[in-house]
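Features as listed in TrEMBL:
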DOMAIN    99-257  domain 'CP-type G'
DOMAIN    108-255  domain 'EngC GTPase'
BINDING   THR147, LYS148, ALA149, ASP150, GLY199, SER200, SER201, GLY202, VAL203, GLY204, LYS205, SER206, THR207  GTP binding site
BINDING   CYS280, CYS285, HIS287, CYS293  Zn(2+) binding site
Amino acid sequence: MNLQQYGLQNFFEQQIDDSNKYILGRVTLEHKHSYRIVTEQNEWLGTISGKMAFESFARKDYPAVGDWVLVEQMPGEEKCLIHKILERKSVFSRKMAGLELDEQIVAVNVDIIMIVTSLNDDFNERRLERYLTAAWNSGATPIIILTKADLCENVDEYVEKVQNVAFGVDVYPVSTFTGDGLSTVKELFRPNKSIALMGSSGVGKSTLTNALIEEEKMVVHTIRADDAKGRHTTTHRELFALEGGGVIIDTPGMRELQLWSTDSALDTSFSDIQALLLQCKFRNCSHKKEPGCAVQNAIACGDLEQQRYDSYIKLQREIAYLNRKADLQATLIENRKNKKLSKQNRK
Ligand SMILES: Nc1nc2c(ncn2[C@@H]2O[C@H](COP(=O)(O)OP(=O)(O)OP(=O)(O)O)[C@@H](O)[C@H]2O)c(=O)[nH]1
Ligand SMILES: [Zn+2]
């Protein structure tokens, strides 16, 4: 297997020194306790080494799809042990669904995040803002793909709507049914670059992935209009190398993307509001009723949509809540560590 085709970059190669006896590989699929890993020699099923398991406490200590890892083949087997995860270039995370306070890593070492949303009922600017914040936080560059353009009569209007909430982010309308816009999206794939698709269930990520890899690797069933129950959904993340170069990572649709982000990601996705905040007359303006409030002025004159501002406040609260809980999370990990160590000492 040629690892260049699997998105190998200098950033990763530089992390390996010559004395290294391990083999370089990339995680293409994550099972419950094992990983499929592509190496120069072959594809192997990998599990983490005992040492690594012992030293892993948080989700980020475990491999994820997109990771570059150093492995050792088990003699005579199509299996390997994972010894090390190379430093990551980007990490797209979300908060685990439900009440649990933990990070879920969706994909790593991605260069471009394709935020996929369809041009029908699914279209929602507030959700886009959420995805954009998570994408900026990951360290990858977001772009927006508007799917099912064949179902929409006013595509340009939607493109404009998107541009109003995603400044400077490229927007690509496509239809995998008619093929419109597909070649432009294909051109985004470059050798050594990795692209991940993110979005709600049913927006057409797998159909697009299939169209791009031109091979029915993932089975896509048609949703019957009146019965959304029997439909196929992607249940795993998987990484594919494209024939013409470049890597695509398809991810399961998310019902709800809860943030696992920092304030600075929010500042990037709401740069318009950031600029306004600096213009308020009072430095400690609460942006509610104060005179000379640039935010309220912008809302009054239509430069800023009230819903966008509300969305900003909502995401900001979500992040503030996470930050408060982050300490708790650190304590939890510390406890796990101590427990493991004292167990070891007793042995
Ligand atoms: N009209 C139209 N329908 C499309 C298009 N692309 C996909 N679909 C349909 O949308 C439905 C969902 O497509 P999928 O590709 O399975 O969606 P997904 O985002 O991968 O969904 P999950 O796997 O649940 O995350 C299927 O019935 C597709 O046939 C398109 O360009 N136009
Ligand atoms: Zn103000």
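From the backbone N, Cα and C atoms, a Cβ is placed for every residue, glycine too.
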*By a simple count of other Cβ atoms within 10 Å, which of THR147, THR207, the binding-site residues in the record, is least packed?*
THR207
*Can you tell which of the binding-site residues CYS285, HIS287, CYS293 lies nearest to VAL203 (GTP binding site) in space, using Cα positions?*
HIS287
*Including all protein chains shown, what's the count of other C-beta atoms within 10 A of the C-beta of SER201 (GTP binding site)?*
16
*Cβ-Cβ under 8 Å from GLY199 (GTP binding site), same chain, 6 or more residues apart: which ones?*
ILE115, VAL116, THR117, TYR131, LYS205, GLY253, MET254
*Can you list which of the binding-site residues ALA149, CYS280, CYS285 have their Cβ under 6 Å from some atom of ligand 2?*
CYS280, CYS285
*Looking only at the domain 'EngC GTPase' (108-255), what are its DSSP counts of helix, strand and coil residues?*
42 helix, 33 strand, 73 coil
_Candidates near ligand 1 among the binding-site residues ALA149, LYS205, CYS285, HIS287, CYS293, judged by a Cβ under 6 angstroms_ = LYS205
_CYS280, CYS285, HIS287, CYS293 excluded, remaining Cβ within 8 Å of their centroid (Zn(2+))_ = LEU277, LYS281, PHE282, SER286, LYS288, GLU290, GLY292, ALA294, VAL295, GLN296
*When the pLDDT values for the domain 'EngC GTPase' (108-255) are averaged, what is the result?*
84
